[in-house]
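Features reported for this protein in Swiss-Prot:
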type   : residues : note
REPEAT : 14-45    : repeat 'WD 1'
REPEAT : 62-92    : repeat 'WD 2'
REPEAT : 104-134  : repeat 'WD 3'
REPEAT : 148-180  : repeat 'WD 4'
REPEAT : 192-222  : repeat 'WD 5'
REPEAT : 233-262  : repeat 'WD 6'
REPEAT : 292-322  : repeat 'WD 7'
Amino acid sequence: MSQESLVLRGTMRAHTDWVTAIATAVDNSDMIVTSSRDKSIIVWSITKDGPQYGVPRRRLTGHGHFVQDVVLSSDGMFALSGSWDGELRLWDLQAGTTARRFVGHTKDVLSVAFSVDNRQIVSASRDKSIRLWNTLGECKYTIQDGDSHSDWVSCVRFSPNNLQPTIVSGSWDRTVKIWNLTNCKLRLTLAGHTGYVNTPAVSPDGSLCASGGKDGVILLWDLAEGKKLYSLESGSIIHSLCFSPNRYWLCAATESSIKIWDLESKSIVDDLKVDLKQESEMSSEGTASGKNKVIYCTSLSWSADGSTLFSGYTDGLIRVWGIDRY
């Protein structure tokens, strides 16, 4: 059986600060959208043209602070962003303009998501609340106090499982919570982390949830029953997690590297580290930032066909990895 590993295919350079989120198109088209602490969102065309893997097609501006998250509608027509300015924005990508502003959170918005049918939007904030909106920018429900998180809500996701419509949230209170989307009531609290949770990820079939954060441990949960299945040690703070769309793999962006696990064997498929020397040889302009700065990955997204892993870093670069068989 052939082994698989990932190789650096190229980089994408336009952001001037941390790349906080990457959204890839559901139809595997040549567009990706990224958000950054430079307060902008960039729409890219993937060209696969030598070391410069893609070119910035449009820069979307309007947020007054770091843009922390961005997602795409399934038809690729709209992007949705959340910012430390406390707002969400819905962007018309054809026009390059803000179609809607969502105002209601009282502190930084840390995470946004679209439901599978794109008709509902969920957001998470440092104000410790989760808000459910329609696409007109009207807040339909606020989850706060009571069963809600007792600290910043760092990440929120819809489960792709339509039979049991669910919102999954992760928080600095060290828990992951599962909410019933139909009535916004708490279904389960998943406790086990010893530090804040940065990111829950839901598997493509909606059966599994992976969570990670400060303690460097990834916990795998059965989403239906809320049972902890097993844990994976990453060794350093986890900033982002994502499941491969077509392999039984989980990727973790940690402070030391990007680690990819095969969940069947629970073994590491690859451990991706940045090689600045190799990159300056690949690119004509050399590396933009200081040679000795600690650079780590803050955002991850697979292409829809699972062949390409896009990773965003603290130096503003997007590094693009492709699967090699050997």
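First residue shown is number 1, and so on along the chain.
In case you wondered, yes, glycine gets a Cβ from its N, Cα and C as well.
The structure displayed is predicted, hence computed values, not measured ones.
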| remark: Here the mean pLDDT of the repeat 'WD 2' (62-92) is 97
| query | What residues in the same chain, six or more past the boundaries of the repeat 'WD 4' (148-180), come closer than 8 Å to it by Cβ-Cβ distance? | reply | 110-116, 120, 122-126, 128-130, 132, 186-191, 193-202, 204-207, 209, 211, 213, 221, 223-224, 226
| message | Let's see if you can do this one: DSSP helix, strand and coil counts over the repeat 'WD 4' (148-180), in that order. | response | 0 helix, 18 strand, 15 coil
